[in-house]
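Everything on this sheet refers to the single structure shown next.
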Amino acid sequence: ELLQNSGNPCCDPVTCKPREGEHCISGPCCRNCKFKRAGTVCLDAKGDWMNNYCTGISSDCPRN
């Protein structure tokens, strides 16, 4: 994983964790090393499923 994230500007290549002052490295709720705002759609509705939204405190997309 270290090699995979070595070119990622959000990733500290030594620790493979977010650089100081950054929130995240990747994920559906991460953009430019920061968490997306709460309420940002991270998974569009399909069929009977409703949209899923970012929480503003995680790079993961919570499932409804």
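Positions of Cβ are set from backbone N, Cα and C atoms, glycine also.
Among the features that Swiss-Prot reports, domain 'Disintegrin' is placed at 1-64.
The feature disulfide bond is assigned by Swiss-Prot to Cys10-Cys33 (among others), with similarity to another entry given as support. In this view, Cys10 (disulfide bond) is surrounded by 19 other Cβ atoms within 10 Å of its Cβ, with every protein chain counted.
Per Swiss-Prot, disulfide bond is recorded for Cys24-Cys30 (among others). Secondary structure at Cys30 (disulfide bond), as computed by DSSP, is strand. Within the same chain, the residues at least 6 positions away from Cys30 (disulfide bond) whose Cβ sits under 8 Å from its Cβ are Cys10, His23, Cys24, Lys36, Ser59, listed in sequence order.
Its Cβ placed at the centre, Cys54 (disulfide bond) has 24 other Cβ atoms within 10 Å. In this structure, Cys54 (disulfide bond) belongs to neither helix nor strand by DSSP; it is coil. The disulfide bond annotation in Swiss-Prot covers Cys29-Cys54 (among others).
Following the DSSP three-state reduction, the secondary structure of Cys42 (disulfide bond) is strand. Positions annotated as disulfide bond by Swiss-Prot: Cys42-Cys61 (among others).
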Point to revise | Collapsed DSSP category at Cys24 (disulfide bond) | key: coil
Exercise for review: Select one residue from Cys29, Cys42: among these disulfide-bonded residues, choose the one with the most other Cβ atoms within 10 Å of its Cβ.
Suggested key: Cys29
